[in-house]
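The following features are taken from Swiss-Prot:
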type    : residues                                                                                                     : note
BINDING : TYR10, TYR33, ARG102, VAL103, ASP104, TRP105, ASP106, ARG113, GLN114, TYR115, GLY116, ARG117, GLN123, VAL124 : mRNA binding site
DOMAIN  : 30-108                                                                                                       : domain 'RRM'
Amino acid sequence: MSNSVELSSYRDQHFKGSRSEQERSLKESCTLYVGNLSFYTTEEQIHELFSRCGDVRLIVMGLDKYKKTPCGFCFVEYYTRSEAESAMRFVNGTRLDDRLIRVDWDAGFIEGRQYGRGKTGGQVRDEYRTDYDAGRGGYGKLLSQKIAPNTDNR
């Protein structure tokens, strides 16, 4: 197996099953996790990029669990493992909406996983960010809440 399609060290802590079941699922999966997307990247843009590597079966955009707005990740499922491997080789680390995107193996989409797992509804990584990132909603959400003036106590 080529280095570009090997499993990374990341493991979904919410996976339902044993570590060996998760490893097996990842090694057989046709589903990819795509991260570091702009909040403004569309499903159509994802489809255009990933369909260069094969027939895309399904795209599930990651959503803020409260606002139901995009929050910077998605799942892309192919019909075959070889198509997904091509995407791992050729799409991981490329630019989309002026951002370097990350592509990693996923054990398979399960309903509910499309929602951010952070306290504020988005991704955890966006809650504590201290730098300003226009493509991902500005400053980190928890930092923004501390900075925002409290208008309730007037």
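Glycine too: its Cβ is placed from the backbone N, Cα and C atoms.
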How many of the residues that make up the domain 'RRM' (30-108) does DSSP mark as helix, as strand and as coil?
21 helix, 31 strand, 27 coil
Which of ASP104, ASP106, the listed binding-site residues, has fewest other Cβ atoms within 10 Å:
ASP104
GLN114 (mRNA binding site) CB neighbourhood, other CB atoms within 10 A:
17
CB contacts for ARG102 (mRNA binding site) [other CB atoms within 10 A, all chains]:
17
